[in-house]
Structure formats: C-alpha cells, structure tokens
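As given in TrEMBL:
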- 276-286: compositional bias 'Basic and acidic residues' (COMPBIAS)
- 19-123: domain 'Acyl-CoA dehydrogenase/oxidase N-terminal' (DOMAIN)
- 129-215: domain 'Acyl-CoA oxidase/dehydrogenase middle' (DOMAIN)
- 300-402: domain 'Acyl-CoA dehydrogenase/oxidase C-terminal' (DOMAIN)
- 274-294: region 'Disordered' (REGION)
Amino acid sequence: MSTAGSRRPVDVPDSYHRFAGDAAAWLAAHVEELPDVDTDEGFAAHRAWERTLHDAGWSGLSWPREYGGAGGDVLHEAIFAEEYERARGPVRITRPALRFLGPALMHTADAAQRARWLPPMLAAGEIWCQGFSEPGAGSDLAAVGTRAVRIGDGYVVDGQKTWTTYGRHADRMFALVRTGPPGAGRHGLTCLAIDLTGPGVDVRPIRQVHGRTGFAEVFLTGVRVPVTDRIGDEGDGWAIAMRLLSFERGPDAGGPARSRRRLAALAADVAAAGPGRDRASDEREPGAPAADLTAIGPDLDRAAVEGELGALVARVHGYRCHTDRRVAAAWRGEQPGAESSVVKLYSSELDLDVVELGLDLFGDERTAEGTPEFLDLWHSRAGRIYGGAAEIQRTVVADRLLGLPR
Ligand SMILES: Cc1cc2nc3c(=O)[nH]c(=O)nc-3n(C[C@H](O)[C@H](O)[C@H](O)COP(=O)(O)OP(=O)(O)OC[C@H]3O[C@@H](n4cnc5c(N)ncnc54)[C@H](O)[C@@H]3O)c2cc1C
C-alpha cells in the first residue's frame, strides 16, 4: 500500500514490501471459492478457512502473540487486507472479531478474560457477535432496554437484541445492557459477554428481503451471566460501546480495492456496450452487459457516462487517500476517533453511487439474483446503516470535527 500520513509521507521499510509479496504469493496459492456463507455448509467452510489463515499466521497480524496473533502492527493488517481483496479472498466471518470486538476487549477486558476469550475468537473456535441494537434502540443506542439485574455473583439478563450479524452461528455476544434504572440514557449501561449456547437464549434468523439470513434476533430470558463475564466496570457500558464503535468505523484497508474492482467491472460493461445495436433484440444471459448505451435513456450518451465514470474514479482515489491517512495515523499510534466517520460516510456513499450508476445504465437485470452485482446492491445499501447510519456519521462530523452548534 502507499502510506501517506496526515502531516507528511511515511517511508515504509523494506520489510513491509517483502511482507506484501509473501502475502500475495500465499494468497495466490491458497485462495479458493467457498460455498455460500449463508448456508450451514458454507459457514462451516468459511470457519475452516479462518483456521487455515490462522494456522498459517495470517490472522490477527497486529494482535499480540500471547493471544495467537502475529505480533505485527496495523500496517501489516492493512497490507494483508489489501492483498486479500486483490486475491478475491472469501468473506471473513471473523471480521467483527478482528476489526472491533477483539480490539475493544484488548482495551477493556481484564487479563484473565483476554487470555480466555481472545485466542479462540481469533482462531474462529468461538464465534462472537455484537449485541447492541434492539427493536427500540438503533441510532439512539442510549435507549438500550435489555435489563441485567445483579443477583449474587452474577447477572440475570432479560431482553431482545436484533440485527445480530452471524447471530445464528455465534457462541458469545458482546452485549450492551442496562444495569441502572430504565430510561437513564447513557448512564447505567454495562457490557457483558453472554454465552449464547446456554439456557434462556433463543436465536431466530431474520430472513431479509433478498432471501438471506445473515442477521438474527436474539431473545434473552432469564439468562445467567457470571460477574467474571462482565466487560469493564458496571456503568461503563457507554464509554466501552463508543470505543468499540470507533474501531468499527475505523479504516478498512481492503475497502478501496473492493470499490475499485466494482467500478472496473462497471466500466468494462460500459466498454462492452457498443452503440448502435438494438437492446431489445440483444439476447443476453441475466447479468451480462447491455449492448446499447444509447437505448438506455434519451438523455444518456457515451460522453456523459464516461464523465460519470471518471468522477467515480476520482472518488475511489479519494477513498484510497482517506484510508491511507487513517492507516498511517493508526500506525503512528493515534486512536481512531471522529475522523473515522468521514471515511465511513465517504466510502458508503461512493459504493452506493457505483451500484446505482450500474442500475441506471443497465437496469434491473444487472442485479438478477446470482450475479455479483446482486449482493453488491444490498451490501452497498447496508453500508449506509451498519456501524451507525449515514445521518449519524454526519452528526458526528458536524459536532466533533466542525464544532457546529447542535
Ligand atoms: C449490515 C448490517 C449489519 C449489522 N450488524 C449489527 C450487529 O452485528 N449488531 C448490532 O447490534 N447491530 C447491527 N446492525 C444494526 C445497526 O447498528 C443499526 O441498523 C443502525 O444503528 C441503525 O439503527 P436502526 O436500524 O434501528 O435505524 P433507526 O435508528 O431507526 O434509523 C432509521 C433512519 O432514521 C435516521 N435517524 C435516526 N436517528 C436520527 C437522528 N438523530 N438524526 C438524523 N437521522 C436519524 C437514520 O439515519 C436512519 O436513516 C447492523 C446493521 C446492518 C445494516
């Protein structure tokens, strides 16, 4: 990767270039297509792939060796993420663990908890999920209502979590619950690591509009959680949740390569769509490029389309620069903060615009079920919501970066 710091360029030592070459070579030799992660068989295959990555030393590159990591730094993580995208590696089911659940535990869990939880989390021996959102608490996370009542040496938890990514397969949840009085907002919130394999837990997959079940609702009824599974102190939940979210919104070094690939695919379709042929009589397989740009709409011509593609190329470059700046800042030891919201906002809107241009030009058939664009369409829409919706990111930027009055 190119590393341009926010104040000055960063010279990347040769060892990182060698590391990039080693990563690319290993990925070229090992990456293969896996069954759909949304099926049980597919999830098991992705779990096995995570073990392969872990055993070969490519997982948790910046995690300390005592937790099974490689003992490297954020630049190793960033380089590998980019090479992984280039190699078209499979979806990482450890993504929540690697990007934000694990880092949050490293900052807030005690030594015994870190030793107990982090190694199996990294090796995908235990799948963790994030239990923040509830039917009445999304953007307004301070409205969390799941109750945890202290009884003896533990808590009894009652409530409901929703939109839980990989909830169907998860062993443990990093949950935000209310230990203080109801309606006290940010006060009286606590984080617990809830064992989802125990009694009182009912996990129900959510079938989404596109038929997939990547999320679950998790109902908790009288679930007992030992006090040794509390993350941080009672009442510290809000601060811990905010730190976790800053990791979640932090730079995704593989993101620009992913966006560039989507845009390149669209540009190739445009290039293949030579003018002058009759679109209606062009018999194509679903998802194959349309033939005639001039037939797409009366106001569209090739120059205009190329202009739009050019503007998107510039934005992908901007995304790359923003990401590199954040990675370089993290490499210098800066904690992720409100700047993460800029990258999250910028990248999610860019990805949506690429997909929507494809839809404008080639219509619904481009997103027929089974095409790569089908999943891109849904993922790009979801990108404006997870980790805090776009409107919330704008509020963070206005408030914390620009200092605008509320
Ligand atoms: C792909 C994906 C994965 C997810 N994974 C998880 C997970 O693993 N664990 C988990 O806990 N949650 C997860 N979520 C849930 C996610 O965190 C919430 O969807 C998100 O916080 C928004 O909450 P909501 O859906 O309740 O929408 P709402 O908060 O109801 O928002 C609806 C709309 O109103 C707007 N809005 C709300 N408040 C304001 C405001 N103050 N100012 C301006 N506009 C506002 C929002 O921006 C949005 O457009 C995931 C979501 C997605 C899409």
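Just so you know, glycine gets a Cβ as well, placed from its N, Cα and C.
No curator has checked TrEMBL annotations; they are predicted automatically.
Secondary structure of the domain 'Acyl-CoA dehydrogenase/oxidase C-terminal' (300-402), assigned with DSSP and counted as helix (H, G, I), strand (E, B) and coil, comes to 81 helix, 0 strand, 22 coil. DSSP labels the residues of the domain 'Acyl-CoA oxidase/dehydrogenase middle' (129-215) in these numbers: 6 helix, 43 strand, 38 coil. Under DSSP, the residues of the domain 'Acyl-CoA dehydrogenase/oxidase N-terminal' (19-123) split into helix, strand and coil as follows: 70 helix, 0 strand, 35 coil.
The average pLDDT the prediction assigns to the domain 'Acyl-CoA oxidase/dehydrogenase middle' (129-215) is 96.
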